[in-house]
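Peer 1: Copied straight from Swiss-Prot:
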| type | residues | note |
| --- | --- | --- |
| ACT_SITE | 42 | active site, nucleophile |
| DISULFID | 159-370 | disulfide bond |
| DISULFID | 212-310 | disulfide bond |
| DISULFID | 345-349 | disulfide bond |
| CARBOHYD | 92 | N-linked glycosylation site |
| CARBOHYD | 133 | N-linked glycosylation site |
| CARBOHYD | 167 | N-linked glycosylation site |
| CARBOHYD | 177 | N-linked glycosylation site |
| CARBOHYD | 191 | N-linked glycosylation site |
| CARBOHYD | 267 | N-linked glycosylation site |
| CARBOHYD | 322 | N-linked glycosylation site |
| CARBOHYD | 331 | N-linked glycosylation site |
| SIGNAL | 1-30 | signal peptide |
| TOPO_DOM | 31-380 | topological domain 'Lumenal' |
| TOPO_DOM | 402-423 | topological domain 'Cytoplasmic' |
């Protein structure tokens, strides 16, 4: 009996210790991934154009200029596979149209990149296979005409205020110093390429062409030495900073990357309150799109976004019920994505803080903010006021004329009939 009583006491003591430990030990933070937005650059492509003296013209490229290559297709298929692994358990292993929405700019290379990416992300499984020998299924990619794209094709335009900011940027010391320091170099490149309108803002085209040719094993001309290529690469990165930074970066962001950021903020807020969007929203675009967004967010690393690089926005619901945003940038295929931290916030940024910190670079009315002081909108007001003023002036003149004539008639004057009847 004594042993039995001891056994019960030991069990009771164990329960007591476990109960105390459960109260003392902190609860594990349970987080739920609720929503993901991806923005990626297209994969490897042929050059957009050749320079006049280029020995490698468009006929050297199987599909012509600006087209996705087989290497680019593979890059995006591999990115799709990496995303499939990263979001395993969040996304269904097979494609469900209610879960995913993809939008691309209206360029062959971005549309095809999205399709290659989706092939890696959602290989058909079971009943989704329409042919047992084909491990692929069609998944919709949406787009709008380039002329109507006010979300993904940068720089956005026409925007008179942005053009004015660019003109003002050209007068900044940093831009002037670059112009002076590279004047002879640009003259040399212009002479070797046959280009007549080469500048700090257009020299990236030369680097892009040479880079594409070098990547695909085409011989470069003797003047395109490693030192020249390195210098061209630096000027290419400078051209991105000219577009979106150097001078009044926040205002430039409101007119450029802030437009896309506004849509991303709207989607994050909507998913935190109503869950009415797909779980995965994908944008397939360009290096300028990524740089514009990174400049608006204050996370730009100063370099061109490489092929198939991908910015990730992940919306989490914390154990407390509150929401937070985490950002990552995958710019290398052989390592995990880099965590990005919004200036002024932690990496795990509370949604309300994310919205507050990004508010200054989001336009309230893009069309209005694009107008110049005294621009078209103001001109319309001035014209309207001028018309109203002219009408008012004519009415006053007419009224004064009538009054003058009345006062000019002799006192007591009355019309006297002449006595004739007019039939």
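Positions of Cβ are set from backbone N, Cα and C atoms, glycine also.
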Peer 1: Can you tell me the CA-to-CA distance separating residue 42 (active site, nucleophile) and residue 267 (N-linked glycosylation site), as a whole number of Å?
Peer 2: 23
Peer 1: Return the average pLDDT for the topological domain 'Lumenal' (31-380) as a whole number.
Peer 2: 96
Peer 1: Under a three-state reading of DSSP, tell me whether residue 267 (N-linked glycosylation site) is helix, strand or coil.
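Peer 2: SS state of residue 267 (N-linked glycosylation site) = helix.
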Peer 1: Please report the three-state DSSP label of residue 370 (disulfide bond).
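Peer 2: Where residue 370 (disulfide bond) sits, the three-state DSSP reduction gives coil.
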Peer 1: Report the same-chain neighbours of residue 159 (disulfide bond): residues 6+ apart in sequence with Cβ closer than 8 Å to its Cβ, ordered by sequence.
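Peer 2: Result: 255, 366, 370.
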Peer 1: Pull out the recorded positions from the set 92, 167, 191, 212, 331 whose C-alpha sits within 10 Å of the C-alpha of residue 345 (disulfide bond).
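Peer 2: Passing the 10 Å Cα cut: none.
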Peer 1: For residue 310 (disulfide bond), which residues in the same chain are close in space, meaning a Cβ under 8 Å from its Cβ, but six or more apart along the sequence?
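Peer 2: For residue 310 (disulfide bond), the qualifying residues are 38, 39, 40, 41, 79, 83, 329, 330, 337.
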Peer 1: Let me make sure I understand the structure: which of the glycosylation sites listed (92, 331) has the fewest other Cβ atoms within 10 A of its Cβ?
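Peer 2: Taking 92, 331 as the glycosylation sites, the minimal 10 Å Cβ count falls on 92.
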Peer 1: Quick one: pull the CA-CA distance for residue 177 (N-linked glycosylation site) versus residue 212 (disulfide bond), whole Å only.
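Peer 2: It is 29 Å, counting Cα to Cα.
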Peer 1: What's the number of neighbouring CB atoms sitting within 10 A of the CB on residue 349 (disulfide bond)?
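Peer 2: Neighbour count, Cβ to Cβ under the 10 Å cut-off: 21.
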Peer 1: Need the DSSP three-state call for residue 212 (disulfide bond) to compare against my parser.
Peer 2: helix
Peer 1: In which DSSP state, out of helix, strand and coil, do we find residue 349 (disulfide bond)?
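Peer 2: Looking at the DSSP assignment, residue 349 (disulfide bond) belongs to a strand.
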Peer 1: Check the DSSP secondary structure of residue 191 (N-linked glycosylation site), expressed as helix, strand or coil.
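Peer 2: The residue in question, residue 191 (N-linked glycosylation site), is helix (DSSP, three-state).
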Peer 1: Given the recorded positions 92, 191, 267, 322, 349, which one's Cα is the least distant from that of residue 133 (N-linked glycosylation site)?
Peer 2: 92
Peer 1: Taking the Cα atoms as reference points, how far is residue 349 (disulfide bond) from residue 331 (N-linked glycosylation site) in Å?
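Peer 2: Residue 331 (N-linked glycosylation site) has its Cα 22 Å from the Cα of residue 349 (disulfide bond).
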